[in-house]
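The structure appears below as structure tokens.
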Amino acid sequence: MASHALGKGNNNSLMIQGTSSGSPKKCFFMVQILIRTLATAFTVAAISIMVTSTQSISLFGYNLVLHFSDTSAMRYLFGSDIAACVCSVLSLICVFLLSRSGSDLKHYFYLFLHDMVIMLLLMSGCAAATAIAYVSKYGEHKVGWMAGCDNVPKFCNRISISIVLSFLAFFCFVMLTIMSSKKLMSRPIE
């Protein structure tokens, strides 16, 4: 009886070990879905704040209305956020479908390429917008560029928040790229 219970315990432990091998795959897809959802949320928030960042001021008798589309760097960040948001939603659907069905090595490779391209797109958009925001906030006195955020603090603060949210989306795609590449490196070549 004791040996039967021991054997039964061994079978249960084998069964637990057998089911735990599927668990890392499920965990991988759950984390992928979570991070892609966060990236989508960050880009949607960045887009909505960027679109609503408008301020009007009166300067020397002229009424000026500032909008994000006045600078090419902010338009580029806006476009890269939209592209990242759309691609993130599409990849979220793909990852969800992949988690339901079997996936082979090429699917992980495509995920890796997708995440890397979106990561680079967001990195370039964030870098361009950060450079303009920095000059707007602090100026560049060596070349005579004056800081402008003293006159339009609401506009500058909203743009800064949008840039921070875009950077958070960028870091989500950095994590996704690292996860996909790690998954590729750990799988044997078929």
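Using the three backbone atoms N, Cα and C, a Cβ is placed for every residue, glycine included.
Keep in mind that this is a model prediction, so the values were computed, not measured.
Summarising the annotation, TrEMBL assigns domain 'Casparian strip membrane protein' to 30-172.
Remote same-chain partners of the transmembrane segment (33-53), defined as residues 6 or more beyond its termini with a Cβ less than 8 Å from a stretch Cβ, comprise 67-68, 74, 77-78, 81-82, 84-85, 88-89, 91-92, 95-96, 99, 155, 158-159, 161-163, 165-166, 168-169, 172-173, 175-176, 179. Among the features that TrEMBL reports, transmembrane segment is placed at 33-53 (among others).
Per TrEMBL, transmembrane segment is recorded for 73-98 (among others).
The list of residues near the transmembrane segment (110-135) in space but at least 6 beyond its ends in sequence, with Cβ under 8 angstroms from a Cβ of it, reads 32, 71, 73-74, 76-77, 79-81, 83-84, 87-88, 91, 94-95, 145, 147, 156, 159-160, 163, 166-167, 169-170, 173-174, 176-177, 180-181, 183-184. Annotation comment: TrEMBL describes 110-135 (among others) as transmembrane segment.
Positions annotated as transmembrane segment by TrEMBL: 159-179 (among others). Within its own chain, the transmembrane segment (159-179) is flanked in space by residues 28, 31-32, 35-36, 38-39, 42-43, 45-47, 49-50, 53, 68, 74, 77, 80-81, 84, 88, 111-112, 115-116, 118-119, 122-123, 125-126, 129-130, 133, 136-137, which lie at least six positions past its ends and keep a Cβ under 8 Å from the stretch.
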